[in-house]
Every structure is written in structure tokens, then in C-alpha cells.
């Protein structure tokens, strides 16, 4: 289904606004509400739910991580998720163009694209690892199993039960570190070594698939998610059932659920909780804004927010049982506490899961099935992430959207450029660069961007006006809806900003006092400084483009500021579902109605625009 965007408004300063308006390019829409819902679930429920959430639980003392995770979810995750969906759906625009609602904050959209670029670079490397494992799964026996001839010396002397105390690497750890990563051949960040050609081919294949997915657009991807969003649950159920039959699995589950209360005093735990919320929900990278921009205007964003966030959180918690039941068995086999098994790194799923699959009857089949699931999860998530980048560019340069050949060339050049940049991450020392980007791309930079988005919408655009926009979209707001919006108002204005500021303070303190590590390797100061610079560049887009917006205006500094926070008139006329807005096709470049500062219990500085005869 296609809908036609409103014509470009004519500036009232033009003495002759009569000439015909240029034709606009139709904007795609989802084929149905379930396509958008499942696409968002597929975008949010990705690799992070399977390997990152259990890994963070493992690193932060097991079940204690659930406490800051749920606090961050309901105070920051859900409100910010609703804000992004509503902003994209109401404005029918991507991460950059949507800031017509407040041109001063256009830098937020640019910053989102910077973060999205960093995430895309290393996220597709994970997909390349998965692709490598998928190809290796067609070998019988599995190359990381004890049945493989190369692993006979590693497994031959293993005794049963808790008598196995010899400290050695398992075949799965050796396969991941030597065969896949090649990290044993690198000395650190300064020694990347040669590109591993097998991973380079896997990375090229992954980017080619992403290229094909983006070419087909939301219509074809909306059909694919019926499989990609449901298939992972089937595989996770199988793994949980298999894990429950293994000796020592209850020990792992107990470690997963039993909190270590002292860990709550560690700022890293809260930092990881906030990072995981933003990472798994896709907040602050533009994907949600872009996908919501293809919605019908009257789509119920509150319903979608609740369904998607609860489903995402439930999947993370659900997958933890599959991970920790296997870790419990590994700990029993090695005769060590659960906290000492496997490496504390993003390769947890590539160590624990392959070992679990090697224990399953018909391990080759289940390994293919599982890594196919991971591959689909990764592609689905990265497609949404890249959609944020491409939608932003296509909205800014609509001629690319109009010409299929130009669009194809742009997408091809973008994916190939990302592939070339990602080659550094598939060298022998690529895992060190991977960890560096992972540690900083979704840390303080992402939190600062979402903080400014929250403050900008609440106090510049106006939280009351924003809530009214949501009511306009859902058409009907029953009493329960009003109460829910009051809660979101309180979060957007008070709780979410203050909590994010609190977390930012402790992130900087912890970052200053704690060295960055990967396993036993400690990053040099220049490496840590490089990571800080990457995150800072993303944040600097906000003041840079804010200054640009102010400089474009005329008058005193106060007048320039006031003009730069007023919505462009094209923000209001984007919605053709309002008859009043349709009639305002031709009006000034900006909405010049006077603004007033209202003092209410929830919106103490929000600016609202009044319409009158002098508007």
C-alpha cells in the first residue's frame, strides 16, 4: 500500500505562491499491522537476547542483573521506545527529517546515524561468525566435538563427574579462539595481523544478504518476519528441554536466578543494564523511528510498545535458562563453580552453545538448525538497523528514492563501504577492536543521545503537545490510556532524564577508574582514548548541528533560538488524515504562531503553540 506525502509547502515570503507544487514521491506503508509488529519484534529480539543478555548476567553476578535490568526497562526503555515509535509514526520521516519538529535538535538524528554505523560494523561481524559456524555444522562429526579426531587428545583423559579438575581449554573454546577468531596469533590492539579470509568471505556474504533485503523493501521483509520472529522460540525451547536433562543444569539455573546483592553497588552493573536495554530494544539508533515512519497514522503505538518490549524482555529472560543450564553442565564436567566456566566475552554463545549442540543426539542437524536461527536473527536485526541509515538518507535526498537505479547504487556503495571498514574486525586481532567498539558504541554516547531526545521532546516540543499527538494517532483514549500517558509524562519529564544523568555520572567514574579488558588482555590508554573519541563524535553532532540551526535564523540570539525550536510547517502537514492540516497546504516556512510557557504539574516548561487570527 502506498500513500502520497503532502506537497512541499510554499514560503509565504514568495510574492507569487500560485505555481504548481512539485510532485512528491509516494512513501511505502506496511501491508498490515502484524507486519510492523513482527518486524519490530524481529528487530528487537536478536542476537543480543541470546548471547548478550546471558553474558551480562554471567558477568554481573547472575540474577542480580535482573533487578537493574527491569528498573531500566520500565523507567527508561519503555518510555523511550514509545517516544521513538510515536515520533517516527507522527512525522512519517526518518531519524534526521523527523526533527522538523524542532530543527535545533537535528544533531540528534545525525548522532543516531553515527551510533548506528558503529553498531552495524561490528554486529555484522557476529553474523559472519554465525555464518562460519553454520558452514562448519555440515561436517560430521562437528569440528568442536570430542568425536572429532583433532580433539581426541583434549577429551581422551576426561573423567566423569566432579573428578575432572585438570585446567584446560575445551574443544569449543579452542575452535572459537584459534579456528574462528585467530586471537592466539595476535598480541593486542596494536597487532591486528592479516585478514582471516574465511571470515572475510562470511562477512561479504552477510553484507550481500543485507543488500538484497534492503533492495526488496518493507513489503517482502514484512512477510519474512512471520518465520524469523517465531522460529527462534522453537529452537530455544528445544535447547532448554535438552539442557534440563543434563547433569548440573540446576546449578547453572540457580546461579542465573540467585542475586549477589553486593553487585548492585557496582556502577558497571547499572551501566550494562542501561546499555542492554538500549541495545536490545534498538533505542537511539534510528531503526525504530524509520520503521514507525511507514505506519499508518492511526496505528496504536501504545499497544505496540507494550507488546514489543514485554516480548523482548521475556525472550531475554527465557534464553537465559538455555544458556545457564548448559553452563551448569559445563561447570559440573570441569568440577568448578559456574562463575568460572567459559570466557567472559561476547563469544559465550559460541562456546557454550556449540558444546551443548555437540551433546545432542543428531548434533549435526541441531547445530545447523540453531546457527540458522542465529543467522536469521542477526540479519533481521541488522536489516532494521540499516533501515534507519538508509531511510534517513533517502528522506534527505528523495531523488534517490525516486530512481531505482540510483537507490540500488547507493545501497550497494553503502554496504560495500561498511564491508571494507569491517575487515579490521576479522583480522587475527579483530576481536580486540570488536570489544572496543562494542564497549563504547552503546555506552555513554548512546545514553547522551537518548537523553537529549527525551529532554528535547519534553521541554522544547512540549510533552503535553507530544501526548496530544499520541492521542490524535490512536484516535480514542479511554481512562486507562490517560493514566498510562500520565505515567509516561512523569518518566519523560522527571524520572528518565534524572536516572540517565545518574547513570552517566557513574559511567564516567567507572570508565576513569577501571581499565578496559578482553580476557587477560588490558587495553592501552590510547586504545581506551580511541573508544572515548568514537562515542564523543556521536554526541558532538548535537551541539554542532544546533549551532548550524541557530546560525540559519535571523534576529537576536534569543529570536534565533526561539525560531530554531519551532516546528517547520511541513511537520504539521505530513499527516493527511487531518482535514485541518490538509487545508494548510500553503503557509509560511515556519509555524509562526506565538508560543507560551505553561506551568503544569507534569509539564513545567513545555512550549505549546496557539493558533489564532494573528498566527
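Using N, Cα and C of the backbone, Cβ positions are placed for all residues, glycine too.
Annotation source TrEMBL lists compositional bias 'Polar residues' at 1-10.
Per TrEMBL, the feature region 'Disordered' maps to 1-22.
Look at TrEMBL and you will find 36-54 (among others) tagged as transmembrane segment.
According to DSSP, residue 49 (Na(+) 2 binding site) is assigned to a helical segment. Contacts of residue 49 (Na(+) 2 binding site) defined by a Cβ separation under 8 A and a same-chain sequence distance of 6+ are given as 280, 312, 315, 316, 319, 377, in order along the sequence. Residues or ranges marked as Na(+) 2 binding site by TrEMBL: 49.
Taken from TrEMBL, the feature transmembrane segment applies to 66-87 (among others).
For 108-134 (among others), the entry in TrEMBL reads transmembrane segment. Within its own chain, the transmembrane segment (108-134) has Cβ neighbours under 8 Å at 47, 94-99, 180, 198-199, 202-203, 205-207, 210, 284-287, 289, 346, 350, 354, 367-368, 371-372, 374-375, 378-379, 381-382, 385-386, 388-389, 392, 418, 421-422, 425-426, 430, 434, 437-438, 441-442, 445-446, 449, 452-453, 456, 534, 537-539, 541-542, 545, counting only residues six or more beyond its boundaries.
Annotation comment: TrEMBL describes 146-155 as disulfide bond. Residue 146 (disulfide bond) falls outside any helix or strand according to DSSP and counts as coil.
Here TrEMBL flags 197-218 (among others) as transmembrane segment. Beyond its flanks by at least six residues, the transmembrane segment (197-218) meets 28, 30, 35, 39, 124-125, 127-129, 131-132, 135, 180, 291, 294, 378-379, 382-383, 386-387, 390, 408, 411-412, 415-416, 418-419, 422-423, 426, 430 of its own chain at Cβ-Cβ distances under 8 Å.
The transmembrane segment annotation in TrEMBL covers 230-257 (among others).
Per TrEMBL, the feature transmembrane segment maps to 277-294 (among others). Counting only same-chain residues 6+ beyond the ends of the transmembrane segment (277-294), those with a CB under 8 A from a CB of the stretch are 27-30, 36, 39-40, 43-46, 48-49, 52-53, 69, 72-73, 76-77, 80-81, 84-89, 91-95, 98, 109, 112-113, 115-116, 119, 218, 301, 308-309, 312, 316, 381, 384-385, 387-392, 442, 446-447, 449-450, 453.
Per TrEMBL, transmembrane segment is recorded for 306-327 (among others).
The transmembrane segment feature in TrEMBL is assigned to 364-383 (among others).
Residues annotated as transmembrane segment in TrEMBL: 404-424 (among others).
For 444-463 (among others), the entry in TrEMBL reads transmembrane segment.
Within the chain, the transmembrane segment (484-509) has long-range Cβ neighbours (under 8 A, six or more residues past its boundaries) at 72, 75-76, 79-80, 82-83, 267, 270-271, 274, 302, 443-444, 447-448, 450-451, 454-455, 457-459, 463-464, 466-467, 470-471, 477, 602-604. Annotated transmembrane segment per TrEMBL: 484-509 (among others), in sequence order.
The transmembrane segment annotation in TrEMBL covers 529-551 (among others).
For residue 146 (disulfide bond), the count of additional Cβ atoms within 10 Å of its Cβ stands at 18 [all protein chains shown]. Put simply, of 36-54, 66-87, 444-463, 529-551, the stretch with the most CB pairs closer than 8 A to the transmembrane segment (306-327) is 36-54. Sequence-distant contacts of the transmembrane segment (66-87) (same chain, at least 6 residues past either end, Cβ-Cβ under 8 Å): 57, 98, 101, 259, 264, 269-270, 273-274, 276-278, 281, 283-284, 288-289, 292, 301-302, 304-306, 308-309, 313, 317, 450, 453-454, 457, 466, 469-470, 473, 488, 491-492, 495-496, 499-500.
Outside the transmembrane segment (404-424), and at least 6 residues removed from its termini, the chain residues within Cβ reach (under 8 Å) are 117, 120-122, 124-125, 192, 195, 200, 203-204, 207-208, 210-211, 214-215, 386, 389-390, 393-394, 430, 433.
Proximity of distant same-chain residues to the transmembrane segment (529-551), defined by a Cβ-Cβ separation under 8 Å and at least 6 residues beyond the stretch ends, is recorded for 103-108, 110-111, 114-115, 118, 436-437, 439-441, 443-446, 448-449, 452, 511, 516, 557, 560-561, 564.
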